[in-house]
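TrEMBL annotations:
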TRANSMEM  15-36  transmembrane segment
TRANSMEM  48-68  transmembrane segment
TRANSMEM  88-111  transmembrane segment
TRANSMEM  123-142  transmembrane segment
TRANSMEM  148-168  transmembrane segment
TRANSMEM  180-202  transmembrane segment
TRANSMEM  222-243  transmembrane segment
Amino acid sequence: MAEWNSIPLEITYEVLGWVAFFSWSISFYPQVILNFRRKSVVGLNFDFVVLNLTKHSSYLIYNATLYFSSAVQKQYFEKYGFGEMIPVAANDVAFSTHAVILTAITLLQIAIYERGGQTVSKISLGTVSVVWLAAGVCFFIALPNHSWLWLIGVFNSIQVFMTLIKYIPQAFMNFNRKSTDGFSIGNILLDFLGGIANYAQMTVQSIDQNSWVNFYGNIGKTLLSLISIFFDLLFMVQHYLLYPDRRPVPLKISKEKEALINEKESEENV
């Protein structure tokens with residue numbers, strides 16, 4: 001396994017890695033706190049959260065396995081060269097673990113807080129089911145020859161795919177409501193900072209090693225940041241330029257609320 005050639009670059013790499021970790025990790029809290037204060041999840045797209053849980057679970061499997069498993073690391077070095085470093089750092093594993101926990105907490109909030117008639121779409125549930133079924137099939141394909149590097153590569157591809165599609169429901173929901181009310185922009189700003197720090201970290205490693213293998217050796221991490229930054233910019237445009245300080249257009253009124261409104265109108269007419 002390769003070693004660092006420059007101590008300053010190694011320190012910079014570690015600092016950038018933990019900046020990305022704290023930025024990405026803290027980015028989950030504004031939405032959780034907003035939900036708690038409002039006792040409502042109206043405005044937060046449930047498909048986004050469900051897809052996000054599968055995304056982070058897949059990313060955790062990839063990061064933890066490559067970071068801790070000597071067998072998988074050996075397969076990685078045999079493929080990319082024993083002079084290379086593994087493209088996963090401790091902060092990657094820490095972030096993935098934290099992300100799974102916080103996303104699960106957000107799902108719990110969806111279950112207990114006011115939802116305003118919002119539901120998880122059948123398309124998202126179907127997508128998640130197919131993805132995990134495919135992952136299970138891949139496990140049994142990898143089992144006979146112990147093709148673990150290939151298997152975690154599948155999970156890495158899953159997290160890239162989920163990252164690509166998870167933002168779309170929220171973006172369309174903001175567009176339909178003509179508002180970002182209920183969706184925390186703090187989450188987006190911190191996510192953006194984390195993506196930039198992540199790219200900078202990978203660049204520092206490449207400069208030190210005079211090799212760009214870590215970019216295509218962990219294509220999932222590369223695409224993760226690129227996709228996240230793109231959608232972060234989109235959400236910023238929606239929040240600050242397209243729909244600043246605009247009240248949301250109701251998507252759907254729950255049956256309970258509709259009954260109360262009708263009852264109130266009847267009383268006023270008497």
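Cβ atoms are placed via backbone N, Cα and C, with glycine included.
Annotations in TrEMBL come from automatic prediction, not curation.
Within the same chain, residues 13, 16-17, 19-21, 23-24, 26-28, 30-31, 34, 38, 40-45, 87, 89, 170, 174, 214-215, 221-222, 224-226, 228-229, 232-233, 235-236, 238-240, 243, 246-248 sit at least 6 positions outside the transmembrane segment (180-202) and bring their C-beta atoms closer than 8 Å to a C-beta of that stretch. Proximity of distant same-chain residues to the transmembrane segment (15-36), defined by a Cβ-Cβ separation under 8 Å and at least 6 residues beyond the stretch ends, is recorded for 44, 89-92, 94-95, 98-99, 102-103, 105-106, 109, 113, 182-191, 193-195, 197-198, 200-201, 204.
A Cβ distance under 8 Å defines the sequence-distant neighbours of the transmembrane segment (222-243), meaning residues of its chain 6+ beyond its ends; these are 59, 159-160, 163-164, 167, 170-171, 174-175, 178-180, 183, 185, 188-189, 191-192, 194-196, 198-199, 202, 215-216. Residues 76, 86-90, 92-93, 96-97, 99-100, 103-104, 106-107, 110, 120, 124-125, 127-128, 131-132, 135, 148, 152-153, 155-156, 158-159, 162-163, 165-167, 169-170, 220, 224 of the same chain, all 6+ positions outside the transmembrane segment (48-68), place their C-beta atoms under 8 angstroms from a C-beta of that stretch.
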